[in-house]
Every structure is written in C-alpha cells, then in structure tokens.
Amino acid sequence: MSSAILKPLPRWADVVLLPILNLALAFIVSGLVVLAIGQDPLAALNAIVTGAFGNGYNFGYTLYYSTNFMFTGLAVAVAAHAGLFNIGGNGQAYIAGLGVIAVALPLQFLPWWITFPIAIVAGAAVGGLWGFIPGWLQAKRGSHVVITTIMFNFIAAAIMVYMVVNVLKPAGILAPESAMIAPEGRMPKLGAFIPWFKNTDVNFTLVLALICLVGAYILIWHTRFGFAMRALGQNPTATRYAGMSNSRIIMIVMTMSGALAGMVAVNQVVGVQYRLVLDYVADAGFVGIAVALMGRNHPIGILLAAVLFGALYQGGNELQYVIPGLSKEMVVVIQALVILFTGAMEGLFRPGLQRIFMTLSPRQKAAAIEANSVKSGS
Amino acid sequence: MTEPVQNGDNQQRSQGAAASDLAQSDLAIELIGINKRFGAVHANKDIDLKVRRGSVHGIVGENGAGKSTLMSILYGFYTADSGEIRVNGTPHAITDSRHALALGIGMVHQHFMLVDNFSILENVVLGAEDSALLGPSLDRAKKELTRLAKEYRLDVNPDAIIEDVSVGTQQRVEILKALYRGADVLILDEPTGVLTPAEADDLFRVLRTLRDQGKTIILITHKLREIMAITDYVSVMRQGAMVDTLKTSDTNPEQLAELMVGRRVLLRVEKTAAKPGDTFLSVENLVVKDDLGVTRVKDVSFTVRAGEIVGIAGVAGNGQSELLESVSGMRDQTSGIVRLKGTPLSLEGDDGAHRARKAGLAHVPEDRQRMGLITAFEEWENAMLGYEDDPAYGKGIILDIPSAQAQARERIKKFDIRPANERLKTANFSGGNQQKIVLAREMERNPDVLIVGQPTRGVDIGAIEFIHNQIIKMRDAGKAILVVSVELDEIRSLADRILVMFDGHIVGEADPATATEGELGLMMAGGTDRKAPQARVAAEGETP
C-alpha cells in the first residue's frame with residue numbers, strides 16, 4: 001500500500017536526529033523506572049553526567065571504557081561492511097590476552113614503547129586468528145559466521161580459564177591470574193602526559209584506538225580492498241561476477257575484525273591490570289554491537305557512541321555512590337535500556353520520521369513514489 | 001474520443017476507427033480526465049481510456065510513461081487528483097484494492113505476491129478465507145478451482161507447493177487468485193517479463209480463452225511483439241499523457257514505437273556484412289553443472305572469431321546462463337577448455353572472473369541488477385566494479401577517488417547515460433541507463449572478447465537502438481562478440497552466425513540471413529515439441 005512508499009531519511013537525520021531521539025527515549029524510560037522506585041530522575045541524570053564528565057578523574061575513566069568500546073565497535077562495523085555479523089568480539093578480545101601476556105611477560109624489562117607495538121601485534125594475531133577460523137569456516141565450509149562466532153566465545157572462555165589457572169598462574173598465588181608485568185613494561189597512563197586525568201586507567205591505548213578509527217575509515221572508503229569489502233556486503237553475486245574472491249574477502253575481514261577486538265586485550269593487560277585476569281573483557285564485545293549499530297558503522301559515529309557508552313559505564317558506577325537508593329543493579333537496568341533503545345530498537349522512530357519528512361517536503365514524496373514505481377517495473 | 005492529438009496526422013485515421021468501434025454500453029472500464037500529480041511530477045495528464053468488454057486491451061509506453069500509475073489508480077492503489085472512473089458505465093470512486101476487487105477488477109502484479117511454501121490451493125484461499133476454520137474454505141476453493149480450470153483451461157495441481165512449480169504456473173496461480181475473487185477485468189503488469197517464450201505462448205492462449213469467455217484483459221507491456229500478437233486494442237502513453245488508442249489490426253510495430261518514443265525508431269539493426277578474422281574465443285567440450293549439481297551444459301564446443309557476432313538462441317533455461325557464467329569465470333566448469341586467442345584461460349575459483357577480465361574477456365551479465373551492478377553504490381563505484389585493481393584507479397592499495405569519478409564522468413558523456421551524475425545511487429537510474437553503465441564499463445577496456453547476456457532485457461526502445469549500435473561498433477573494431485538472448489528477434493538481427501542451444505547442447509547453427517523463424521523455433525524446441533514453434537510462426541508475420 002502507499003504507506004510502504006517511504007523515502008530514506010536525509011543523512012543528517014539518520015546519523016544525528018535518530019540516535020538522539022532513541023537516546024532521549026531511553027532516558028525517559030529510565031527516568032520512569034527511577035521514579036517508580038521512589039528516586040529523583042533528574043538527580044540521577046545529574047549524577048551520571050557529573051560522574052562521567054565532571055572532572056578529569058571521572059572523564060579519564062569514561063575514556064578508559066570508551067577505548068574498549070571503540071575497538072569492539074570497529075570490529076563489528078568492519079565485518080558489517082562486508083555483510084558479516086561478527087558476534088564473537090567478546091571471545092576475540094578475551095583470547096587475545098594470551099598473545100599479549102605471552103610477549104609482555106618475557107619482554108617486561110624492556111621500555112614500554114618497545115613492548116607496546118609487539119603486544120599490539122601479538123594481540124592482533126591471536127584475536128585475528130579467533131576471527132579467521134569462523135571466517136574460514138564460512139568461506140570454505142559454509143558454516144554461518146553468526147553461529148560459529150557465538151560458539152567461539154564459549155570456547156575462548158573455557159580456554160582462558162584453563163590457561164590462566166593451569167598454565168599462567170604462578171605457584172603460590174591463590175587468585176586465578178598471571179604474574180604481574182614489571183613497571184618498565186607497563187603502558188603509561190595518559191595522566192603521565194596530561195596531569196588533568198590524574199591517575200585514572202585511561203592509558204596510551206586510547207591513542208591506538210583513535211589511530212584505528214582513522215585507519216578503518218581509510219580502509220573502508222579509500223582502499224581497493226575496502227571497495228571490494230563493501231561490494232561483498234551489498235551483493236555477493238556481483239563480487240563473484242567482478243572476480244573479487246568472496247572467500248578471500250571473508251577470511252581477511254574476519255581476521256581484521258578479530259584483530260581489532262583483540263586490541264581490548266592490549267588496553268586491559270598492559271594498560272590497566274598489568275596481568276592476565278579472568279573475564280577482563282566484561283562484555284565489551286557485546287556493547288560493541290550496540291556501539292556499531294548506533295554509530296551507523298562509521299568511525300565518527302563509533303567514536304561518539306563509544307564515548308556515550310563509556311560515560312554510561314563510568315557515570316553509572318558513580319551513580320550508586322551518589323544516590324544510595326539506586327543499587328548497582330539499577331545502573332545495569334539503565335545501561336540495558338540505553339542499549340535496547342539505541343541498539344536493538346534503533347529503527348523504532350524511523351518510519352514516523354520518514355513520514356514527517358515526506359509531509360514536510362512534497363518533492364521528496366514525489367521522488368519516493370517515482371523511485372518505487374521504477375523498482376516495480378514501469 | 002477526446003484525447004488531444006499530439007503527434008502527426010497518421011493517428012487521426014486510426015483514432016477514428018477505434019472510436020467508432022466503441023459503443024458506450026460495451027465498455028467495461030472508462031477513465032475520463034484522470035490526473036495524478038506526485039509533487040512536481042505530473043504522472044498522469046488528463047487521461048481518457050475506454051476498455052471494451054470482452055477484449056484484450058494493451059497499454060504500451062516506455063518506463064515512466066505513467067502506465068503503472070494509471071493502473072494503480074484503477075486498482076485503487078492511488079486516488080486520482082481529478083477525473084472519473086466508470087465501471088460498466090457506473091461512476092465509482094475506487095478507494096482501495098478491496099473495493100476494486102468488489103467491482104470485479106483484479107490485478108496480476110509483475111512480481112508475484114505468493115507464499116512460497118504454501119500450496120497453490122492455500123495461496124488462492126489466502127485472504128479470502130470465509131471462516132476461522134480452514135477446512136471448509138479449502139474444500140470450497142478446491143471445487144471452484146476445478147471449475148475454473150475446466151472453464152478457462154487453467155490446469156494446475158492445487159496441492160503443489162509454490163516453490164516447486166515453474167514461474168509460468170505461479171503466474172497462473174495469480175490469475176486464478178483474481179478469478180477466484182470474482183474478477184471480470186484482469187490487469188496484467190508486464191506479465192511475460194519472467195516467462196520463457198513457451199510459457200508466454202501458453203499465457204496468451206489462456207488470455208484468449210478468458211477473453212472468449214467474456215472477461216476483459218488489460219495488458220501493460222513494453223514489448224510490441226506481444227501487443228501485436230494478443231491485443232484487440234492498444235493505447236500508447238508517453239510522458240504521462242495518452243497519445244493514442246488504436247485498433248491493433250490497424251497498426252504496426254513501427255508506428256507504435258514511434259508513438260511511444262516520439263521519434264522514428266529503427267527496430268531492425270543496420271549493419272554491414274561481418275568480416276571475420278582470427279579465432280579469438282574457442283570453447284572446447286565444455287561441461288558445466290548448476291548449483292544443484294545438475295549438468296546444464298553438455299559437451300559444448302564453438303568458436304567466435306574477431307569481427308563477428310555469434311548469437312546463442314534458445315528457450316531460457318537450456319543451459320545458456322550456465323554457459324555464460326562458466327566462460328566468464330563466474331562458475332566453475334566440470335571439464336573443458338576455454339581459450340582466448342589460443343591461450344587456455346584458468347577460470348577456477350571464485351576469482352576466475354578477475355583472471356578472465358585480465359586476459360581480455362569482458363562480460364555484460366544477463367541480470368544487471370543481481371550480478372552486473374551494486375545498486376546501493378554510486379554510479380562511479382559501479383563504473384569500476386571488477387576493474388578496481390586497475391592502475392588507472394590509483395597507486396598501491398589506496399583508491400584515487402577523484403580520478404575514478406572523472407573517468408566515470410567521461411563514460412557517462414560517451415554513452416549518454418542519464419542523469420549525467422556519477423554521484424547518484426545506481427538504483428535511481430532507469431533500466432536502460434543501468435545497462436549502459438555496465439556496457440560502458442565492459443566495452444571501454446577494449447577487451448578482445450565481449451560476452452553479452454540479454455543485451456536489452458527490460459530496456460526502453462530508445463536505448464535498445466543505442467545498445468545494439470554499440471555492440472556492432474565493437475564488432476567492426478575487430479572484437480569477437482558472443483551474444484546470448486532469449487529474444488529471437490534480437491539474435492536474428494544482431495548476430496552474424498546463430499547457434500541454437502537446447503537441453504545443454506548446441507543443436508544447430510544457422511545463418512540469420514537465410515534461416516526462418518520457424519526453422520530456428522524448431523531447433524530451439526529440440527525438434528520434438530511442435531507447439532511452441534508453431535505459436536512463434538503464427539506471430540512471425542507481425543514483426544518486420
């Protein structure tokens with residue numbers, strides 16, 4: 001029927017207006033929940049915002065969380081451009097820690113600027129391998145990457161428990177974790193360069209994340225491979241016609257995606273904890289899906305969405321101290337609502353907005369109807 | 001008739017003839033002064049149309065002429081801004097398609113609206129169930145289907161599942177759906193676009209039966225051959241206006257083409273005799289399987305020489321698609337050799353097409369939207385699809401985007417692609433212009449061998465002429481060209497040598513200058529099935 005004829009939104013509305021509306025709705029619903037348990041929503045909002053951006057210390061932690069989300073968001077986005085849904089960011093980020101600790105411990109007495117690039121390569125290699133295997137399975141054996149990456153998350157978790165407890169844990173330590181890296185091999189905190197950040201966890205890996213964002217932009221829109229990758233994502237028959245090797249693209253993209261997720265391990269192992277602990281990824285891989293969705297798979301969008309989710313994590317942590325009536329579980333509820341509205345239900349307002357835009361502009365309406373009639377024949 | 005005479009004086013005569021034929025009481029449908037605007041676009045300008053009961057009435061026009069809009073108004077999909085619709089002489093304001101159905105107007109869409117994993121019976125009943133329990137409805141429908149099948153010779157197996165039956169049968173189901181709901185007027189939108197010639201002949205037989213039983217058929221198409229073969233009256237639309245309504249027996253394809261396009265169009269290609277040179281492409285003992293593992297190309301051998309166009313004729317589905325895909329490197333061959341200027345091509349693997357292109361074999365695919373283009377991409381991106389490794393597009397791994405766009409702009413100019421905007425999404429180009437984008441990309445690399453599948457499928461008449469001329473220009477430049485088309489007319493007028501494919505084999509070779517359509521049709525049907533060629537012979541006299 002005629003209601004099906006809707007023109008895609010103008011780009012600015014798609015990229016800016018829609019996420020803002022989604023976010024506003026998430027906050028409104030969260031506010032209702034806060035209200036329902038007898039607390040003041042505005043005070044809660046204020047606590048989250050100040051907790052995330054209020055001072056250098058808080059903002060530093062926001063950026064620390066954002067760093068992880070930039071990597072996992074990029075991992076999802078790069079795969080998505082090739083039409084692949086990599087849900088395995090969590091497992092790839094987790095198992096990459098093995099690579100990072102494997103080089104960071106032996107090289108711990110070297111200066112950090114030597115350890116850092118080697119740790120990046122090692123993390124990328126192991127994370128990449130964890131993406132490559134599902135990629136290979138899809139390219140050569142037709143096993144769907146969504147299924148295999150989910151399973152690989154569980155395999156990674158099991159391997160990590162075994163490795164940490166049975167191989168990496170030094171004798172005489174009770175906690176399941178590897179030995180500590182010597183101070184020389186640790187990544188400097190940003191606070192060492194910018195005193196405003198004080199001694200927060202945000203470290204030099206943030207710079208790596210920003211480089212990855214720029215690199216991904218160039219890769220996707222300015223390289224031959226990026227062209228092939230986007231072509232595959234849009235129309236795999238056309239890439240076969242063009243003679244781009246679909247299987248090769250799938251394997252390379254999944255490896256790159258896994259390598260990007262693996263950078264979380266660099267941030268966590270040599271940047272924050274200085275050792276390999278269990279479950280350090282803390283579901284950053286899954287948040288990355290929401291970040292990529294909200295950021296429209298574009299590096300700038302991912303940057304903004306990653307900072308937003310970083311702020312929610314940090315602000316949410318602060319919230320429970322500022323308003324004792326809001327427990328940690330409440331914070332999780334608010335974060336989940338934001339993910340729900342900005343990630344899973346990001347298209348909620350789209351038809352309505354499209355209709356409003358078409359009513360506002362009859363020219364767009366005409367163009368939409370014409371485009372529709374071209375699609376359905378003459 | 002009150003249509004404004006827009007073009008020349010030759011319509012006056014036929015218009016009068018058509019008008020005198022139509023008495024008021026005989027009219028099933030009458031549209032008076034229909035106007036429809038979409039913003040600035042005037043899609044239907046003051047349209048008058050009279051459709052006589054018990055006739056097949058064709059509506060022709062190029063893409064965007066307003067045919068579909070007009071039928072959508074009749075079917076209640078859109079509401080006209082002004083004008084009147086009379087059904088059997090009574091004015092009605094048709095508000096939606098349910099209302100149209102209640103008035104006995106049914107529509108068979110170009111893209112079928114069927115549930116693939118339902119049976120034919122279930123699809124017919126869908127939306128017309130008369131109770132919460134399915135059983136009684138299905139029983140009633142089954143009886144009704146048997147009656148309809150008998151009355152209109154529309155035989156189907158009601159228990160067959162849609163995805164298992166042929167496209168032709170699926171279309172029958174669409175027609176049965178409309179009849180089951182009591183349609184007296186059937187609107188068919190480009191019904192033969194998806195059919196093989198044999199299926200199309202079958203459809204025409206059904207339409208004739210329906211007409212003889214008193215049903216009214218409105219046929220939207222851009223294929224003049226079909227208009228000549230099946231319709232009693234034909235209305236021509238151009239740029240939103242009704243140009244003329246003619247009695248089919250009083251007109252001919254040249255006149256209709258001229259009315260559609262607004263200028264004289266050459267339906268037949270003008271070319272000099274071929275001067276074949278060395279063998280550029282040779283295919284030896286090629287065997288190819290389809291995705292299901294069925295052998296579709298069976299030990300095929302042929303050659304194409306420089307400076308000649310070899311056309312492969314055949315009913316769709318006899319292995320031509322697999323042959324094209326295999327020779328161009330898109331599909332792995334089971335056995336056989338493809339040589340380009342004597343050198344065997346290595347085509348295995350999913351980058352076979354890339355190696356074929358590198359060796360100088362360009363390919364314009366059968367289905368440009370599914371294979372040849374990425375419709376979500378901008379024009380300039382499609383202009384380099386398959387050639388993105390070319391040094392012309394930058395050094396190393398980085399693409400030189402300004403240069404790629406400049407090259408695309410040049411080709412747009414050279415091939416007269418409209419609109420001339422390389423930043424436009426490819427989906428927004430018309431079929432003819434999309435085909436030109438593909439042709440420009442494949443021809444401009446100066447390949448030795450050009451393979452073209454269905455060169456003008458879904459392309460407007462004006463663009464067909466251009467595309468044919470480009471192909472002949474390439475031939476005259478000494479290239480070897482292989483054309484595969486299910487349009488026999490196209491093969492006959494383009495090719496210098498015709499190969500006929502049937503059931504995976506090349507069953508014969510013919511000279512287009514001497515072979516009659518009957519002979520070719522017989523070969524296309526494998527020499528056994530006589531029905532299809534006969535129908536084609538019957539239509540032969542109407543094409544120039």
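Backbone N, Cα and C atoms are what each Cβ position is placed from, and that goes for glycine too.
In TrEMBL, annotation is done automatically, which means it is predicted and not curated.
TrEMBL lists A:12-37, A:63-84, A:91-107, A:113-133, A:145-165, A:202-220, A:249-270, A:276-293, A:300-316, A:331-349 with the feature transmembrane segment.
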Legend entry - Proximity verdict for the transmembrane segment (A:12-37) and the transmembrane segment (A:331-349), three or more C-beta pairs under 8 Å: yes
Inset, instruction - Answer yes if the transmembrane segment (A:276-293) and the transmembrane segment (A:145-165) have at least three CB pairs under 8 Å among residue pairs 6 or more apart in sequence, and no otherwise. - result: yes
Legend entry - For the transmembrane segment (A:202-220), sequence-distant contacts whose Cβ falls under 8 Å of one of its Cβ atoms, 6 or more beyond its ends: 60-61, 63-64, 66-67, 70-71, 74, 77-78, 81, 112, 116, 120, 187-191, 226, 229-230, 256, 260, 263, 266-267, 271-272, 298-300, 302-303
Legend entry - Recorded stretch that, among A:91-107, A:113-133, A:145-165, A:249-270, has the most CB pairs under 8 Å to the transmembrane segment (A:63-84): A:249-270
Legend entry - the transmembrane segment (A:113-133) vs the transmembrane segment (A:249-270): 3 or more CB pairs under 8 Å: yes
Inset, instruction - Run the contact check on the transmembrane segment (A:91-107) against the transmembrane segment (A:300-316): 3 or more C-beta pairs under 8 Å, excluding pairs closer than 6 in sequence. - result: no
Inset, instruction - Could you give the residue numbers and ranges of same-chain residues that sit at least 6 residues beyond the transmembrane segment (A:145-165) on either side and whose C-beta is under 8 angstroms from one of its C-beta atoms? - result: 79, 84-88, 90-92, 94-95, 97-98, 130-131, 133-135, 137-138, 176-178, 250, 254, 276-278, 285
